[in-house]
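Student: Here you go, one structure.
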């Protein structure tokens, strides 16, 4: 079995466990994204995960676990790294618009190449520090995964949404200490415990809004 076939098998089994349906084209885009990440990773050190099969679990399936919970049409993924979770979510939601923000040029170059190679029309990679970035219009969702504490995320990103916008943070263990540190200007509107196929460890989603 080729690595491409192995990745496809892991993906299909993961999608089934997550009760998600993606087209053959979307599945192929996700496999190709992992293969591209693995290729670039050897030279540019985009992620500490070295095994492409582990990338499929720890990066792709972990990102796709958000799919049932993602609302809004105009989404920014801050501190996205090589495009996580924004790139897999953009593949899953071709009708939504995604801005993928990172301050490191090598990551943004990789994302730009990925967008071109995968034929994605709904992704805009941007190189910038989050506090220096301003969208043309307020975003519906500010999304983060392994980016910063909730307090820092809200401080740096509050200008990216209006009163209706939401902040959505993907965390490991339930971040009780971080929640207690959140400014009085924001409130936690919802939390969700996620199960990611083949991934050991806790995963939680935290929604926050301006008061």
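The backbone N, Cα and C atoms fix where each Cβ goes, and this holds for glycine too.
Computed from a predicted structure; not experimentally measured.
Pulled from Swiss-Prot, these are the listed features:
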- 79, 84, 130, 131, 145: S-adenosyl-L-methionine binding site (BINDING)
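Looking at the shown structure, what environment does each listed feature sit in?
Tutor: In the structure as shown, the Cβ atom of residue 84 (S-adenosyl-L-methionine binding site) sits within 10 Å of 25 other Cβ atoms.
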Student: Using DSSP with the three-state reduction, classify residue 84 (S-adenosyl-L-methionine binding site) as helix, strand or coil.
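Tutor: Reduced to three states, the DSSP call for residue 84 (S-adenosyl-L-methionine binding site) is coil.
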Student: Would you give the longest CA-CA distance, in whole angstrom, between residues of 79, 84, 130, 131, 145, the set recorded as binding S-adenosyl-L-methionine?
Tutor: 19
Student: Using all protein chains in view, find how many other C-beta atoms are within 10 Å of the C-beta of residue 130 (S-adenosyl-L-methionine binding site).
Tutor: 23
